[in-house]
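Enquirer: Okay, these came from TrEMBL:
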DOMAIN    A:95-324  domain 'ABC transmembrane type-1'
TRANSMEM  A:9-30  transmembrane segment
TRANSMEM  A:95-118  transmembrane segment
TRANSMEM  A:130-149  transmembrane segment
TRANSMEM  A:194-217  transmembrane segment
TRANSMEM  A:255-281  transmembrane segment
TRANSMEM  A:301-327  transmembrane segment
Amino acid sequence: MLYYSVKRLLMLIPVLLGMTLIVFGIIHAIPGNPALTILGTKATPEAIHSLNKSLGLDNPWYVQYFSYLKDILSGNLGTSIQTNSPISSEIWPHLAATIELSFVAMIIAVFVGINAGIISAWKQNSFLDYTAMILALIGVSMPVFWLGLLEQWGFSIKLQWLPSIGRDDIRNSVNPITNLYLIDTLLQGRFDQFWMVIRHLILPAIALATIPTAIIARMTRSSMLEVLKSDYIRTAKAKGQRMIWIVYKYALKNAFIPILTVIGLQTGLLLGGAILTETIFGWPGVGLYIYNAIQYRDYPVIQSGILVIAFIFVMVNFIVDLLYGLFDPRIKYR
Amino acid sequence: MSEAILKVDGLKTSFFTDDGEVPAVDGINFSVNEGEILGIVGESGCGKSVTSLSIMGLLPSPPGKIVGGHIYYKGEDISHAKESRMRKLRGNDIAMIFQEPMTSLNPVFTIGDQLIEAIRLHNHLSKQALTDRAVELLKLVGLPRAKELLNEYPHELSGGMRQRVMIAMAMSCNPKVLIADEPTTALDVTIQAQILDLMVKLNKETNTAIIMITHDLGVVAQMCNRVVVMYAGKVVEEGDVKDIFNHPKHPYTEGLIQSIPDLYGKKDKLYTIKGSVPKPGSIRQGCLFAPRCEFVMDKCKENTPELLGDSHKSRCFLHQEQA
C-alpha cells in the first residue's frame, strides 16, 4: 500500500508537469501583450520594451517556462495585475470559500444521491423508483444558473427565509482565521455566526449539489441493481439477515467502486466548476476570483487559478484511487 | 421412520410475466423426515430450484409467487408466513447451500465476517464465543488453518474451499433441514466426492435432514435414502433409492438412469432422452412426458396420469396398467 502510494505520487509528477505546460501554453496563445495590458494603450514603445525585459518576456518561451516552473515550485504564483499583491496569499481566502461550499454541496449530494439510488434499486419499478429517477433526470438537466435564480426568488425574495448572497452578513462579518468560516466561527465560539454562515451556505450548496446528486443517484441505482441480483445477496437472505442490513452493508460496499469514481470526479468538478454558482450567489470563491480576473484580463491570476484548480482535481482523483482498496480487497496495490 | 419435518403439499409456484402466468412448479408433494437425505432429481428447468426457493421464501418476487398448496415445517404452514417469521427460520431451522460457490460468498467481506454473522443472527454469544464457534465450524468442514481463514477474503480460496465455507455457514446454527441446490455442479470431480462425503458425514453427526437437489443420478445413488424425480414442474416418480434404481416405474426415470455413463460399459453412444423439457404451460392436455416418451400410448395424450402407489409412487399409465 505504501509502495503503491509512493509510486502513484511519483506518477503525478509528469501529470502535473504536463498540466503546467498546458496552462502556460494557453496563456501564451492568447493574443495581446501583457505589458500593453499593464501599461495601457497610451504606453510608449520604450516603456513596453523595458517592462518586457524586466518581466522576462523577451526571453525564448522555454526559458520563460522554466522560470515559471521555478516560481511555482517555490510557491510563487506571481503578482496580480489588478491588485498588485502576490497571488499565493490572495488566492487562499477564495479557495477556502470554494472548498467550504463544495464540501457542503458534496455532503448533500453523497447523502441524498446514494440514498435515492439505493431506494430506487431496492424498490425497482415502484412509485418511489420512478419519482426518484424523474427527479434525478430533472436535476441533471436543470441549468445551475436557472435553479440558483429560482432559489433566490423563492426562498430569499418571496419567503425571505434565507440570505441570497455572500458568505456572511456585511454588518456581522466573520473574523477570518483559517478562512473556512464554519471552522473559524466555531474556533471563536461564535455560534450565532456559525448559524449565519450555515444559512448563507444552504442555497448555493443546494444549487451546486443538484447535478452531482442526480449523477450519484443514477450511478448508485445501476450499480446496486446489478449487485442486488448477485448470488451472495441471496446467500445473505438465506442466512436470515434483514433486507435493510443486506442493502446498506452487503450490497452497498460491493456497489461502491463506481459510485466512488463518480464522487471523485464530481468533487473535482465542483471545486473547479463552481463559477456559475459563485457568480449568481456572490460567493467569493476561486470561481468568482477567476471570473473577475478574466474581466480585467489579469493573466497571472487566471493562470494561477486554473493551475490550482487542476492541481486539486488531480489530487482528489489520487485520493479516490487510494480509497478503492478500502472497499474492494481484490484490488491489489502493487 | 421418524416424523416428517418438512412437508410440501400440492405446492404450486408460478411466474407472472408479460406473456401471462407461467407455472414453474405445478402441484408437487413430498416430505422429508428427520435425519433423512432426500434427492430431488430432474433436468434443468424442471422446477427443482424454484421448489427450494419456495421453501426458503426466497423466490424473486415479483415475478415469482406461490399460488397454491402448503409447505409445513414441523407442522407449521410457512408457505405464506410473514417475512419476519421466515427470517427467524432461515439459517436457523432451514439452511441452504447454492450451486455457485465462486459467487455465493460476498467478495468484499472476510470469511470470518460472513461466517460469524450467520451465527450471530440466531445466537446471542460473546465475541470470543462467536469466533470460537466459527473456528470450530471451519474445522468441522475439514478446512485447514481455520483461524487464519477467518481473516481471508473469498477470492483467496479455491472453489472447493468456498463450498466448504458455504456448508460451514449453512450448518452454523444446527439447522433441522439443509437444502443443497446442486452443491457440487460447479466443482471438479475429486472435490465433488469430498463435498458429498462431508455432507453425508454431517448428516450422520448432526441428524440434519438434507434435501439434495441435483441432476446427477450418481450423486443420488451415492448419498440419498429416497428420491423424488421431477419433470416439468411435477413429481413423476418417488420412492426408495434402491427401488427406483432397480425398478424404475417411469420411462423418464429409466431414461435418466440409462444416460449415466458406465465406466465399464461397451456402449459406443450414451443413451439420450430425445427432445427437451417442454416450456412450462405449453402442454395443456395429457402426460407432460408423452411427446418424448418411447412407450407413448393414445391414452397418454388425452388423459393426465395421477401419482399413484404406496411407498414407490409413479405418474405413468404404462406402469399403473402393469401393476
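Backbone N, Cα and C atoms are what each Cβ position is placed from, and that goes for glycine too.
Map the listed features onto the structure and describe their local environment.
Expert: Sequence-distant contacts of the transmembrane segment (A:95-118), counting only residues of its own chain at least 6 positions beyond either end whose CB sits under 8 Å from a CB of the stretch, comprise 132, 135-136, 167, 178-182, 201, 204-206, 208-209, 212-221, 223-224, 247-248, 252, 259, 263, 266-267, 270-271, 274, 277-278, 283-287, 308.
Here the transmembrane segment (A:194-217) has Cβ contacts under 8 Å with residues 100-102, 104-106, 108-110, 112-114, 116-117, 120, 132-133, 135-140, 142, 144, 147-148, 151-152, 155-156, 162-164, 166-169, 172, 174, 181-182, 185-186, 259, 262-263, 266, 269-270, 274, 277-278, 280-281, 283 of the same chain, all six or more residues outside its ends.
Long-range contacts of the transmembrane segment (A:255-281) within the same chain: residues 97-99, 101-102, 105-106, 109-110, 114, 117, 144-145, 148-149, 152, 164-166, 203-204, 207-208, 211-212, 215-216, 219-220, 223-224, 226-227, 287-288, 290-291, 309-310, 312-313, 316-317, 319-320, 323-324, 327-328, each at least 6 residues beyond the stretch ends and with a Cβ under 8 Å from a Cβ of the stretch.
Within its own chain, the transmembrane segment (A:301-327) is flanked in space by residues 1, 4-5, 8-9, 12, 15-16, 19-20, 23-24, 26-27, 72, 77-78, 80-82, 87-88, 90-91, 95, 253, 256-257, 260-261, 263-265, 267-269, 271-272, 286, 289-290, 293-294, 333, which lie at least six positions past its ends and keep a Cβ under 8 Å from the stretch.
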Enquirer: For the transmembrane segment (A:9-30), give me same-chain residues lying six or more residues beyond its boundaries with a C-beta closer than 8 angstroms to one of its C-beta atoms, as numbers and ranges.
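Expert: Here the qualifying positions are 61, 64-65, 68-69, 72, 299, 302-303, 306-307, 310-311, 314, 318.
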